[in-house]
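Structure first, then comments.
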Amino acid sequence: MESRARCIFLLLLQILTRARGDILPSVCGHSRDAGKIVGGQDALEGQWPWQVSLWITEDGHICGGSLIHEVWVLTAAHCFRRSLNPSFYHVKVGGLTLSLLEPHSTLVAVRNIFVHPTYLWADASSGDIALVQLDTPLRPSQFTPVCLPAAQTPLTPGTVCWVTGWGATQERDMASVLQELAVPLLDSEDCEKMYHTQGSSLSGERIIQSDMLCAGYVEGQKDSCQGDSGGPLVCSINSSWTQVGITSWGIGCARPYRPGVYTRVPTYVDWIQRILAENHSDAYGYHSSASAAYQMLLPVLLAVALPGSL
């Protein structure tokens, strides 16, 4: 009997511990039905509600990003080449334009910046991923998070996904309204071959690394561009928008044989979860419901499973 009670206790404890570590929202990736984005179109209000703009406080928009939680933004590491000082940055949440006068938008201060340790601060580097911790939590009415994929999510070439951002609509002109663009995922080896054609100066070097993902068109004409960096590449998976890529780099914009290159998000899901778990809740004076349940039920479980232990 005692052995059975111990087994029950350990099982319940394991369940609660797992729940305690599940920080990402259970509801995500929902928007209105559905592209710098070259060859794209204006997005509609509420269509990509996780899209945010990363601002340098004095200069305005520099990169895109995506809300994955009420205090967490996913973006690219190269967006922080100027400084890793959180006080340099704000995040604009809500709205379709970069105007601070737009209704339902707000500018939020940044508390912390976490850049992946493998990023080399060089063009086309692996590890081009970063997490931004907001200084204050967003209210439920202010945000809808994008879903994150499982680490083993298959990314099938030919799958049509969407990239969004305020970057250039040509190689020079910035967009005033959030742009959206449908792009097919590409096979990594095919993408590698494309970057070694048409007079590439990178011949002999491996360009597309295992943590990178290509999307776009062989003929060019449609692509993400400067100012879109850090923004999301999302696919519809199980009827929810799931972020599979982060706009990372490319050569020019919408050029033939030069598709956009994105950080492959499934590669970094474990890192994202670890950073969130290590820097969650206590600093804001609140606790997750799972954590509260854990604290309330643990004494009860001990009393039931281990009589006389309390």
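Using N, Cα and C of the backbone, Cβ positions are placed for all residues, glycine too.
Copied over from Swiss-Prot:
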- 37-277: domain 'Peptidase S1' (DOMAIN)
- HIS78: active site, charge relay system (ACT_SITE)
- ASP128: active site, charge relay system (ACT_SITE)
- SER229: active site, charge relay system (ACT_SITE)
- ASN238: N-linked glycosylation site (CARBOHYD)
- ASN279: N-linked glycosylation site (CARBOHYD)
- SER281: GPI-anchor amidated serine (LIPID)
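Known features from Swiss-Prot, placed on the structure.
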| residue | record | contacts (Cβ under 8 Å, 6+ apart) |
| --- | --- | --- |
| HIS78 | active site, charge relay system | TYR119, TRP121, SER125, ASP128, SER229, SER248, TRP249 |
| ASN238 | N-linked glycosylation site | none |
| ASN279 | N-linked glycosylation site | ASN112, PHE114, GLN133 |
Query - CB contacts for SER229 (active site, charge relay system) [other CB atoms within 10 A, all chains] - result: 25
Report summary line: Reduced DSSP state (H/G/I helix, E/B strand, rest coil) at ASN279 (N-linked glycosylation site) is coil
Report summary line: Whole-number mean pLDDT, the domain 'Peptidase S1' (37-277), equals 88
